[in-house]
Amino acid sequence: MRSFATQQNGIFKSVCSLDCPDQCGLLIHKKDGKIVKVQGDPDHPVTAGNICNKVRNMTERIYDEKRLTTPLKRTGAKGQAIFEPISWKEAIDTITSRWKQLIDEEGAESILPYSFYGNMGKLTAEGMDRRFFYRMGSSQLERTICSKAGSEGYKYTMGISAGIDPEETVHTKLFIFWGINAVSTNMHQITIAQKARKKGAKIVVIDVHKNQTGRLADWFIPIKPGTDSALALGIMHILFKENLHDEAFLSEYTVGYEELREHVKQYDPEKVSTITGVSTEDIYRLAKMYGETSPSFIRIGNGPQHHDNGGMIVRTIACLPAITGQWLHTGGGAIKHNSGILEYNTNALQRPDLLKGRTPRSFNMNQLGRVLLETDPPIRSLFIYGTNPAVVAPEANKVRQGLLREDLFTVVHDLFLTETAAYADIVLPATSAFENTDFYTSYWHHYIQLQQPVIERYGESKSNTEVFRLLAEAMGFTDQELKDSDEVLIRQALDHPDNPHLAEIDYDSLTKHSFMKAKREKPLFPGELPTPSGKIELYSEKMKQDGFPALPTYTPLVTDNEHPFMYVPGPNHNFLNSTFSNNEKHIKLEKTPKLFINTKDAEKHGIVDGAPVRIWNSRGECELTAAVGEQVLPGVVVSQGLWADEQGKKQLVNALTPDRLSDMGGGATFFSGRVQIEKV
């Protein structure tokens, strides 16, 4: 492994660590040992030197004076963020002595790790940490907050988390961005779409909010939250009725198309219009456009899956390319995630065999508040890393109430004293990605990339792998698996004979090339999919066995209160979840947290554009700035971004979101809450 950290000057290849599908190649400019500029790598075949504003300003985050430099011990009340510096030895001794006591008195399951992909590096997010907590026998975490519902739904149809190669979409003639603000969250897919548009391609956006991507589209279609499956079924109704389907493809590569043809007769445009808020004329127009344009491509976003019915929504949308046979056309098909193409050896990396036959209890991360407040026997210690649940998790007020428990020993490993860290007993300083050894796999394009250390550690910060090696040693765990170096971890993860796409990729080749493309000798079709039938399952017997309708179906959202407004807290352009929300430059770019309200609703409630507005339900309340217009349908309100706590302001939007779980995969239902609004 080469390390550029000791080299004082130069330009070095790197990779973006953010939880973003684009996983950009970077060039890091150093002078006198410090990063002075972050630039896109023009040699990367997909991202091609073009990077977002977040990464362009990454230097300010790396050298932010608010970064933690030493371990901290709480000296004030929980939540007040009053700490004193301590040594790493004291921190590790304090943590492990408490854990040993808890294990002796209450068992290892009284301890719970809580983490996610704030850094998408595989060692950082799911390497030595998994080994450590498996070895301990702690309670386990179901990490389902982001894409699990959609992944499960997509797999019922397609059998694998894979779609087409996005590089092929330069040939696409119709792009449908469905529930994704790609300008802000998948910018290079937009770049490709714009290239195709110069050759005549059309861009359609279906979303609850006319955001940056909606404004770029040739045609924006607003839709009521959680009704996407009804729209997809209405499109199928017309495709079959108007003979716009591909009978040969359906016969050869799918199962259940005859049953589906009969099933969708009930989803006529008039019925679907009532459900979705999309006019019958637009439903016809969209279906005709989709049925008559080839190749067509659907980019399925994360938005639709964050509903009570999110898995079924994605399962249903995933059926559409099969109806018109798009998978046989270069540039045709869909992408939800492409993580299946770059699937590495998770068993070798995470080593679940260290459980040694134990089956500890597990908890869904979306329900952290109720886990901390209601579990019996209780969780007595929480180790949090790679996430900021006091801002990011649903029912955030309940989460913070749980973190206030005096009998809860909480450790946070982070770059900053986050809102979550304010409740910790011990805080550990974390390295940035540019200080780590790691590897990254995109969940959109087909390239895997290696991260080599570019700069020296900031202060006394340590990487996740280093922290868990120290904890393992202090706990008396002598297993070699808990001593493996970062290089060994990467070698183990990339040794995956079951995935032929990685056949020519290993640690040595990645070290030489920095990034490499997965090997894909044949297209998705013709071929055999890993569904029970080996085909696209429009009718799924597996779904029936699992308690779901065998055919794609629309089911309404849960009504948890009688408030009149559906509330969708979407992402914004200059933050990534809570990352960058503490950076003054990014805050100034976003200006203020807004609530988008339809003109008719604003008039009814006496709310004017730019005025403060109270948004509330039984879970909590916020005060945001009204953005009045036609960006959302009547009965829908939308905010953008997860804003950092600020004295005297009520902008914690996840105080309003439910912690119910989605229909499939135990996913989050951020976008299925209801609220009331009123002028302040």
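Quick reminder: no glycine exception, Cβ is built from N, Cα and C everywhere.
These come from Swiss-Prot:
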BINDING   Cys16, Cys20, Cys24, Cys52  [4Fe-4S] cluster binding site
DOMAIN    9-66  domain '4Fe-4S Mo/W bis-MGD-type'
Extra residues within 8 Å (Cβ to Cβ centroid of Cys16, Cys20, Cys24, Cys52), [4Fe-4S] cluster: Leu18, Asp22, Gln23, Thr47, Ile51, Lys54, Val55, Met187
Overall pLDDT for the domain '4Fe-4S Mo/W bis-MGD-type' (9-66), taken as the rounded mean: 97
For the domain '4Fe-4S Mo/W bis-MGD-type' (9-66), residues assigned helix / strand / coil by DSSP: 9 helix, 20 strand, 29 coil
Least Cβ-crowded entry, counting other Cβ within 10 Å, from the binding-site residues listed as Cys20, Cys24: Cys20
For the binding-site residues Cys16, Cys52, the one whose C-beta sees the most other C-beta atoms within 10 angstroms: Cys16
